[in-house]
């Protein structure tokens with residue numbers, strides 16, 4: 001999906017594009033194929049890698065307009081497996097679970113958002129008009145039974161996006177998350193994809209088109225966006241939105257309604273301005 005977005009941006013001559021990837025060979029080849037595109041190695045689970053990439057970009061261009069936090073992996077081990085023991089007296093703790101999906105899919109997004117806000121705010125526009133789009137998943141809205149760690153990370157992305165969006169928006173930065181259904185990427189192998197309903201796959205070009213609409217503030221640019229149900233969000237409301245994408249269209253997904261007014265008051269009190277000097281250090 002990241003490649004599809006890069007290709008779509010490369011067709012618009014006013015974009016300088018940076019691709020970050022852990023696969024140096026693939027990233028370098030892609031950068032050669034696309035105009036105005038630079039590759040920078042980065043393991044998104046390592047803050048120093050991401051910081052170096054952002055710094056290199058900013059030193060070269062002096063501004064940042066859009067960031068697509070898209071890198072992701074899924075767990076390859078069975079969370080539900082139970083190692084066998086000779087008898088109940090020989091039972092030992094199981095090996096520590098492998099957590100690459102938590103590290104890449106959630107921690108990597110947190111690092112990316114943290115760096116994005118810094119360089120957005122140091123750009124000439126001081127953040128106004130900046131766009132950060134995060135890749136969550138349908139597994140961030142519904143339980144993904146065979147990949148609970150991936151699902152936990154993607155639920156985390158949606159919650160993280162909603163939590164930062166208001167404060168980012170105060171600086172003019174729009175933060176949104178896409179929650180696609182199944183898209184044939186390298187997330188799983190062909191046997192894995194074959195276990196899903198064959199008629200429900202989404203083309204990567206569909207994802208890229210929606211991402212660019214979020215970046216542009218709608219279609220036409222700046223006019224807001226209308227989902228498949230006909231619900232329209234004007235530009236000034238097009239932030240903090242989780243956009244679910246299926247093979248049939250895309251849908252704005254609201255956060256849960258408050259159980260009562262008391263809970264609304266509690267959560268309203270968490271705005272950053274209330275907590276600086278209280279819970280937060282200045």
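The backbone N, Cα and C atoms fix where each Cβ goes, and this holds for glycine too.
What Swiss-Prot annotates here:
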type	residues	note
ACT_SITE	150	active site, proton acceptor
ACT_SITE	154	active site, lowers pKa of active site Tyr
BINDING	23, 70, 150, 154, 183, 185	NADP(+) binding site
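When Cα-Cα distances from the residue listed as 'active site, lowers pKa of active site Tyr' are compared across the binding-site residues 23, 70, 183, 185, the shortest belongs to 70. Counted over every protein chain shown, other Cβ atoms within 10 Å are most numerous around 70 among the binding-site residues 23, 70, 185. Annotated pair the residue listed as 'active site, proton acceptor' and residue 70 (NADP(+) binding site), C-alpha to C-alpha distance, rounded: 14 Å. Long-range C-beta contacts of residue 183 (NADP(+) binding site), restricted to its own chain and to partners at least six residues apart, with a cutoff below 8 Å, comprise 1, 201, 202, 203, 204, 207. Whole-number maximum of the Cα to Cα distances across the NADP(+)-binding residues 23, 70, 150, 154, 183, 185: 23 angstrom. According to DSSP, residue 70 (NADP(+) binding site) sits in a coil region rather than a helix or strand.
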